[in-house]
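Below is one structure, written out as structure tokens, with a few remarks after it.
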Amino acid sequence: MKMKSQATMICCLVFFLSTECSHYRSKIHLKAGDKLQSPEGKPKTGRIQEKCEGPCISSSNCSQPCAKDFHGEIGFTCNQKKWQKSAETCTSLSVEKLFKDSTGASRLSVAAPSIPLHILDFRAPETIESVAQGIRKNCPFDYACITDMVKSSETTSGNIAFIVELLKNISTDLSDNVTREKMKSYSEVANHILDTAAISNWAFIPNKNASSDLLQSVNLFARQLHIHNNSENIVNELFIQTKGFHINHNTSEKSLNFSMSMNNTTEDILGMVQIPRQELRKLWPNASQAISIAFPTLGAILREAHLQNVSLPRQVNGLVLSVVLPERLQEIILTFEKINKTRNARAQCVGWHSKKRRWDEKACQMMLDIRNEVKCRCNYTSVVMSFSILMSSKSMTDKVLDYITCIGLSVSILSLVLCLIIEATVWSRVVVTEISYMRHVCIVNIAVSLLTANVWFIIGSHFNIKAQDYNMCVAVTFFSHFFYLSLFFWMLFKALLIIYGILVIFRRMMKSRMMVIGFAIGYGCPLIIAVTTVAITEPEKGYMRPEACWLNWDNTKALLAFAIPAFVIVAVNLIVVLVVAVNTQRPSIGSSKSQDVVIIMRISKNVAILTPLLGLTWGFGIATLIEGTSLTFHIIFALLNAFQGFFILLFGTIMDHKIRDALRMRMSSLKGKSRAAENASLGPTNGSKLMNRQG
């Protein structure tokens with residue numbers, strides 16, 4: 001009788017459990033910071049409106065149930081009298097389903113606590129209350145037991161939210177001793193919701209911090225990853241890649257290269273993480289490790305999830321690169337290939353601040369921004385571990401400056417050619433004294449140097465290094481460097497001649513000696529600087545930039561071989577102009593105060609003439625180097641320097657009354673010769689006619 005009652009009780013319990021399971025509907029409610037656990041009790045049902053169709057009242061809300069096999073609801077908000085989808089919690093995943101194939105009794109796990117364990121010969125299934133418990137029980141070594149169920153699920157907003165919380169829980173509870181196998185399974189799960197097809201669904205997740213939580217969870221999990229080899233590719237999924245290597249204070253400069261596609265049809269986008277040598281010296285002698293993770297779609301997901309956030313108005317234009325480094329390392333160099341490579345697609349380097357949950361512009365500094373790629377110097381901290389580039393809002397500014405430069409260079413080249421033609425025409429009439437001779441020698445060489453430099457600059461700006469010869473680009477860079485330096489040194493020599501003319505009155509230097517000094521300064525000094533620069537930097541391939549035919553800055557600072565001489569000469573020439581201005585305002589003996597206006601006009605004229613001839617316009621370049629400089633300085637600098645050839649023609653040639661007089665005399669002489677030629681041609685003909693008439 002006792003055995004019969006026990007058997008009856010067991011049958012009743014089994015029937016009760018099966019009935020409960022058949023009526024059980026799993027539903028999860030995800031909030032920031034919640035743990036994924038088995039739902040207890042019946043899910044709460046909210047107000048559900050069967051249809052959200054037709055006209056509506058503004059700001060009103062509506063909800064509909066999810067499709068079959070999904071639990072949750074879809075929320076709509078009325079906007080302009082139309083229902084628009086605003087939120088979605090439809091999910092087909094649950095903690096139980098993740099492990100249903102791992103044990104036959106997992107479907108009974110929810111009701112298991114109510115089973116009377118003292119019943120003879122009955123073993124209740126072990127309760128799976130959380131993801132951590134399920135993984136520890138079923139797949140503690142590789143986490144592979146959860147991947148198939150996740151990868152087969154549809155990427156609805158509810159499932160995405162579930163998977164984000166799943167990864168967040170794993171990073172929090174199971175991130176000790178992360179192996180390569182665990183990282184692979186973890187990344188497979190993350191890859192599923194990083195797919196381009198899932199991007200639009202991120203916008204409807206109620207928790208707008210889900211994308212930021214995902215990024216932070218991946219970084220936290222990767223921090224505990226152990227690398228066995230010196231360098232290895234750990235994860236190579238379509239939408240997430242992980243690489244790492246061992247480092248110590250004796251390691252040379254290290255870099256990690258990524259090549260990923262936004263989808264299966266587009267070309268790969270490149271990214272590189274570089275740890276400078278000076279940073280590696282900060283490490284202790286014992287080995288450390290550096291890990292980097294690349295995401296091609298996460299930038300779009302972060303933007304999609306924060307469309308209402310005013311701090312994210314611009315599009316991410318490259319990979320999102322996360323790094324996990326030892327605490328002593330603070331500075332890294334990142335290279336991003338642009339997704340949008342149009343000419344006006346300027347970029348801004350940024351880092352993702354995990355606490356503020358927004359892109360932080362102060363985390364990075366721009367090192368290089370060209371059409372195809374961007375190089376950034378970024379500060380790595382515990383709250384800023386992920387970096388990318390945003391589309392800059394200053395694209396129209398750059399477009400305007402490009403137009404100014406293009407038009408200005410064209411006008412400048414034509415003006416310089418005309419200047420040289422005029423100088424050749426009036427040369428014999430204007431070089432009557434040693435001072436005038438050297439003055440025009442300076443103007444001619446300034447014009448020749450600037451004209452040649454502009455031509456080489458145009459050649460270099462249209463030169464494709466990847467498609468054309470490397471050595472040819474080196475030659476273009478060398479000649480551009482040499483002739484721009486020649487321009488500045490000839491302007492320096494002209495300034496020295498002005499000072500010499502003011503200070504030395506009674507003693508004059510021989511013309512031949514002045515010519516030797518002039519050509520030694522004008523061409524000798526630039527040649528020495530240019531040759532020395534290429535000899536020092538080119539053996540290490542650091543003479544020119546990798547993307548353009550111009551002096552390198554990032555690696556060897558070869559650009560200083562142009563910038564330092566140029567700005568020093570501009571400073572010296574500015575002093576000369578001030579000396580001329582002071583000397584001009586000295587009143588002559590017997591002059592009255594009524595001549596003040598005349599003196600001011602004379603000073604203004606001298607300054608206007610000397611400014612382009614002595615290169616003072618390049619001084620505005622200092623202002624443009626300062627971050628946050630007003631657009632006005634950039635436009636002024638572009639105008640003055642692009643049109644420098646025109647100003648040389650205007651102030652150095654046309655406004656010189658001696659040249660104008662010489663041109664008039666030359667024109668009169670040409671007219672006189674043409675009339676004489678006409679008379680000479682008509683003379684014999686008229687004589688023959690008279691002889692014929694007399695005959």
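Count begins at 1; order follows the chain as displayed.
Glycine is treated like the rest: Cβ placed from N, Cα and C.
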Per Swiss-Prot, the region 'GPS' among 104-152, 202-250, 300-348, 349-397 spans residues 349-397
*Look up the topological domain names in Swiss-Prot for Lys541 and Ser669, then state whether they lie on the same side of the membrane.*
no
Of Asn61, Asn686, the residue that Swiss-Prot annotates as N-linked glycosylation site is Asn61
Exercise for review: Count the Cβ pairs between the transmembrane segment (562-582) and the transmembrane segment (441-461) that lie under 8 angstroms and are 6 or more residues apart in sequence, then report whether there are at least 3.
Suggested key: no
### Message
Are the transmembrane segment (516-536) and the transmembrane segment (407-427) close enough to be called in contact, which here means at least 3 C-beta pairs under 8 A that are separated by 6 or more residues?
### Response
no
Long-range Cβ contacts under 8 Å made by the transmembrane segment (486-506), restricted to residues 6 or more beyond its ends, are 435, 438-439, 442-443, 445-446, 449-450, 453, 514, 517-518, 521-523, 525-526, 565-566, 569-570, 572-573, 576, 579-580, 583, 610, 613-615
So Asn379 (N-linked glycosylation site), by the Cβ count within 10 Å over all chains shown, scores 15
In this structure, the one of the glycosylation sites Asn169, Asn209, Asn229, Asn286, Asn340 whose CB has the fewest other CB atoms within 10 Å is Asn286
Taking DSSP helix as H, G and I and strand as E and B, the region 'GPS' (349-397) has 6 helix, 29 strand, 14 coil
Counting every protein chain shown, other Cβ atoms within 10 Å of the Cβ of Asn257 (N-linked glycosylation site) number 13
If you measure between the CA atoms of Cys349 (disulfide bond) and Cys364 (disulfide bond) and round to the nearest Å, you get 6
For Asn340 (N-linked glycosylation site), the close recorded positions (Cα within 10 Å) drawn from Asn61, Asn177, Cys364, Cys378, Asn379 turn out to be none
